[in-house]
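These features come from TrEMBL:
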- 227, 365: pyridoxal 5'-phosphate binding site (BINDING)
- 307, 311, 338, 365: substrate binding site (BINDING)
- 27-363: domain 'Orn/DAP/Arg decarboxylase 2 C-terminal' (DOMAIN)
- 32-275: domain 'Orn/DAP/Arg decarboxylase 2 N-terminal' (DOMAIN)
- 57: N6-(pyridoxal phosphate)lysine (MOD_RES)
Ligand SMILES: *Cc1c(COP(=O)(O)O)cnc(C)c1O
């Protein structure tokens, strides 16, 4: 988003006009930004056999999935429904990794029937998998290296108390199960939580995976998950993807030499690919002065963007209706009957009723975490693609609230 002659634009498209055309609350995505992030990742890992598996749960609109396909990524999915969405968008089963947690074996069987790669993160499921399929279906094993990394307790999934992955301390047991049933393990995976900051932590985790890999002679790939952090505010520390790429490529090539074969290196970025491409646009309903604060109350809430309330995440907020207004301090809050503060003590250009405020970094875990709480409609979504605004999800209507309800009284 850039300010040109007093108007905010994305790819030359006037954002305020898009909001006028489609109404608010509205999610707007910049396709170019997504393409640039894919390129950055690819360039950072030049020289290794890289596969980018977009973590679809970050943003599942089918047009975003199709865009990813155009940009040459594959996908990582966490539910059978995400698998089906990916197939719907033209991904082949070979391009889809299915990384569920605590799902029933029935759902795993469904995924096998659809032909996708299964990532197993539980010894009991591994046993069932071996009993049922023997060596006939290749699979991947999710290892928990127990390294703590991550911006927030809820997204730290690598620590010892985490429910994710099979503990690195249980790998001897895993190998026994694999041998017993002759399971065809073609990949090892780890995903230690979002927001990896230092390349050292990443490399330490990789080291753990390299060690385990020695015990699995038929590997085709190692999957290092994700956790690439993006900047939320000015001066934020971000993952230095170029540095991680350089360092990782070096140790990965060395590992392949020792292993005796060139493996593929997989990553599963969600946030890194789509976060900065997303803008969440809301309209100011009221400006309310109280003794302690001035509230800008907007036509949205935790039903449309829950990250600030759930993770305490920071989203930069811009008043695009009044770019040259005097700056004042506001609490930007929603209309839901719980405390739903998008941003506290934010310096914004003077906010007047009707002004459109834009929250940045809203591409990942924004729309995909929306709900109908308070019986509000979900927002519409617009994709800016090749300099044109396309509506990619219509706003809900009253009938949508009734669609799944069975009226018996
Ligand atoms: C959520 C998730 C990701 C993506 O994480 P980001 O922080 O959005 O990059 C990758 N892999 C797995 C298994 C996940 O569950």
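Positions of Cβ are set from backbone N, Cα and C atoms, glycine also.
Unlike curated records, TrEMBL annotations are generated automatically.
Everything TrEMBL records as a feature, shown here on the structure.
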residue	record	Cβ neighbours (10 Å)
57	N6-(pyridoxal phosphate)lysine	19
227	pyridoxal 5'-phosphate binding site	30
307	substrate binding site	22
311	substrate binding site	15
338	substrate binding site	11
365	pyridoxal 5'-phosphate binding site	24
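Here the Cα atom of residue 311 (substrate binding site) is found 11 Å from that of residue 365 (pyridoxal 5'-phosphate binding site). Residue 365 (pyridoxal 5'-phosphate binding site) is 20 Å away from residue 338 (substrate binding site) when you measure Cα to Cα. Farthest C-alpha pair in the substrate-binding residues 307, 311, 338, 365: 20 Å apart. Residue pair residue 307 (substrate binding site) / residue 365 (pyridoxal 5'-phosphate binding site) shows a Cα separation of 7 Å.
The distance from the Cα of residue 227 (pyridoxal 5'-phosphate binding site) to the Cα of residue 57 (N6-(pyridoxal phosphate)lysine) comes to 14 Å. In the three-state DSSP scheme, residue 307 (substrate binding site) falls into the helix class.
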